[in-house]
Amino acid sequence: MTTFQDLGVREDLLRAITELGYETPMPIQEKVIPHLLNEDSDVVGLAQTGTGKTAAFGLPTLQRIDTACACTQAVILDPTRELCLQTCSDLTDYAKYIDGLNILPVYGGSSIEVQIRALRRGVHIIVATPGRLLDLIKRGEVNLEHVNTVILDEADEMLNMGFVDDINEILSHVPEQRKMLLFSATMPKEIAAIAKNYMHNPQEYVVGTRNEGSANVRHVYYMVRAQDKYLALKRIVDYLPRIYGIIFCRTRATAQEVASNLIQDGYNADALHGDLSQAQRDAVMKKFRERNLQLLVATDVAARGLDVDDLTHIISYSLPDDNDVYNHRSGRTGRAGKTGVSIAIIHSRERGKLREIEKHIGKQFERREVPKPNEIIEKQLFNLADRIEKVEVKEDEIAQYLPSVLKKLSWLTSEELLKRLLSLEFNRLLDYYKDAPVLDYVPEKKPREKRVKYDKTRTAADKDSRTAEEGYERMFINVGKADGFFAPSLIQLLNDNTHGQRIDLGRIDLLTNYSLFDVRQGDAHRVVSALKNVDFFGKRLYLEIADPNKDYAAENAGTEVKLNRRERRRAMYGDRPRERRRGYGGNFDDKHYGRRAGKPAPRTRRDSERGFARDKQGRKRDRKS
C-alpha cells in the first residue's frame with residue numbers, strides 16, 4: 001500500500017497530515033504529488049469535489065516554498081470567498097511545522113487595507129478570488145515576478161461565474177517560467193483554451209471517468225406536484241431523523257424562503273446565499289461544520305467553499321440548469337469511503353432533465369414514494385427508542401435528584417411512563433400528521449385511450465355506482481342542481497369552511513337533488529367535519545363517504561330547495577361583480593341583442609341624425625327646414 005512518504009512528502013508535512021488523520025493517499029494525490037515534486041511539466045487534474053484535490057496540490061506547493069525569501073512564490077485562485085478561506089485553512093494546517101511560512105487569503109468583502117498591510121510585510125502564498133487579486137495588481141500592491149507556481153482551483157466554476165477575462169489578465173502578469181496546475185471537475189472548451197494558451201505540455205490526470213458520479217453515492221428521486229415540493233421536503237426530512245445535509249436551491253430567494261419556512265416549522269436549519277454579509281456567512285458555515293446545524297439550505301455558488309466530509313444526504317430542491325453542477329452537489333456526500341444519498345425532488349415537467357443528468361453521470365436514479373405519515377411516525381419512534389437506549393447516564397450527577405423524581409412518578413407503571421415519555425416528544429408530530437394527505441407522486445402518463453361516445457341513457461344510479469380514482473375518496477352531499485348547487489358552489493363552501501387548508505378535488509358529479517365528488521383520502525374526514533352544521537340557502541348540509549351500494553337518487557327525491565332568480569345566480573357565480581359573471585363558463589349568447597355577452601350593443605344613428613324623416617306610411621322624405 002502506497003504511503004505519503006513513498007510519494008516523497010517531506011517529514012514536517014508528514015507529521016502535520018498524520019495528526020490530521022491522513023493515512024493513505026487518495027487516487028488524485030497518488031498521481032499528482034510525485035509529478036509536482038519531480039517533474040517540470042504542467043498538470044491538468046480532472047476530479048470531482050471531495051476527492052482530495054487540496055492536499056494533492058497543497059502538499060507539493062508547500063514543499064517547494066523557500067521561506068528564506070519573503071517574496072510571493074505561489075498563487076492559488078478560487079472562485080468564492082468561502083473556498084478561498086477553506087483552502088487557506090487547509091494549507092495552514094498542513095504547514096503547521098514549517099517555520100516562517102506566511103499564507104494570506106485575499107478576497108472581496110473584507111478590508112482591502114488590512115490585506116495590503118499583510119502583503120507589504122511579505123507573503124509566500126496568496127490564496128485569492130480573481131476579482132480582488134486583479135484589483136490589488138492594478139493598485140501595484142502585488143508583485144508576481146517571483147511566482148513559480150500558479151494553481152487554478154475549481155476552474156470550471158470560475159468559468160461559470162464569468163472570471164475568464166480576469167484569469168487571463170492575472171496570468172499575463174506571471175512569469176513564463178513557472179509551473180501551472182489546473183483542477184476542474186469538468187473540461188469545457190473555455191478551460192481547454194486556457195490550458196492551451198498558458199500551459200506547457202500539460203499532463204492530464206483523471207480520477208474515474210470524465211463527468212462520472214461518485215461510486216459511493218446512491219441517487220434517488222421523488223416526483224410530486226410542483227406545489228407539494230415543500231411538503232414533500234418536510235416528509236423526507238422527518239423520515240430521516242439523523243440527516244446531516246445540504247438542501248440546494250437554484251436561486252437566493254428560494255433558498256431563503258425554504259430556510260425561513262423550515263425554521264418556522266421547528267427544524268434546525270439555516271440559509272447560505274450571496275445576500276448574506278461575509279460575517280453572516282462565516283457564522284452559518286461555522287455552525288454547520290460543527291454540526292450545530294442539521295440542515296443547510298444553500299445556493300450552489302455560496303456552498304462552494306463549504307468542505308464537510310461526513311454529510312449523509314444532499315437534497316436538490318431545484319434541479320440545476322447545468323448537469324455538471326449536479327455532479328458537484330452529489331459529490332459532497334459519499335466521501336472518505338462512506339456512502340451517501342443524493343435526493344432530487346422533482347415534478348413531472350422535470351423528468352426530461354433528470355434523464356439528461358442520468359446520461360451525464362452514468363448512473364440511474366431510483367424512484368421512491370414520498371414517506372407516508374404512519375411510516376414517518378414509526379421511524380421517529382424507533383429513533384427516539386435508539387437514543388434512549390444509547391444515552392450516556394451520568395450516575396453521580398443525577399443521583400441526588402433521582403429519589404424525589406422516583407417518588408413523584410411511583411404511581412405510574414413502566415408502560416404508562418413510557419407512553420408519557422413518548423408523548424412529550426411526539427404530540428406535535430402526531431397532531432401534524434393526523435389526517436394528513438398522501439403526497440403521491442405524479443403518475444406516469446398513461447397511453448391515450450379511444451374516447452367513448454357519451455351515453456345519453458346513463459342514469460343517476462349509474463353515477464352512484466362510480467368508484468373514486470386511486471388515492472381519492474368518493475363523497476356524497478345532499479344538494480344538487482335543483483338546489484342551485486354547482487361546482488363553484490362546492491369550491492366556495494370548502495374555501496369558506498376549511499380555514500386556509502388546501503383541499504384537492506377530483507371528479508365532481510352534479511345530479512338533480514344531490515351531488516358526488518372526489519377528495520384525497522387524507523382529506524375526506526376533514527371535509528365532513530368542516531361542512532358539518534353548515535347551511536346552503538336554508539338547507540342543512542349532510543356529507544358522508546359515499547356507499548356505492550346506496551340508491552341516493554331514491555333517497556333524495558323531492559328534497560330540493562326552490563330558489564328565486566337572485567339566489568340561483570348567487571349560487572352559480574358567488575359574490576363576483578355582475579360584469580364578471582356574464583362570461584363565466586363559456587361564450588353565452590345574449591338572446592335580446594343577438595350578440596355575445598360582455599360586448600356593448602352597436603350604437604344606431606337615429607333618423608333625425610341622418611337628415612331625413614318618415615311619413616305616416618314609413619317612407620323616407622327630406623326633412624323640412
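Cβ coordinates are placed from backbone N, Cα and C, and glycine is handled just like the others.
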Checklist outcome for this item: Candidate ranges 2-30, 31-59, 263-291; TrEMBL annotation motif 'Q motif' resolves to 2-30
Next on the checklist: Please count the residues of the domain 'Helicase C-terminal' (235-378) that DSSP assigns to helix (H, G, I), strand (E, B) and coil.
Outcome noted: 62 helix, 28 strand, 54 coil
Checklist entry - Using DSSP, what's the helix, strand and coil tally for the domain 'DEAD-box RNA helicase Q' (2-30)? => result 13 helix, 0 strand, 16 coil
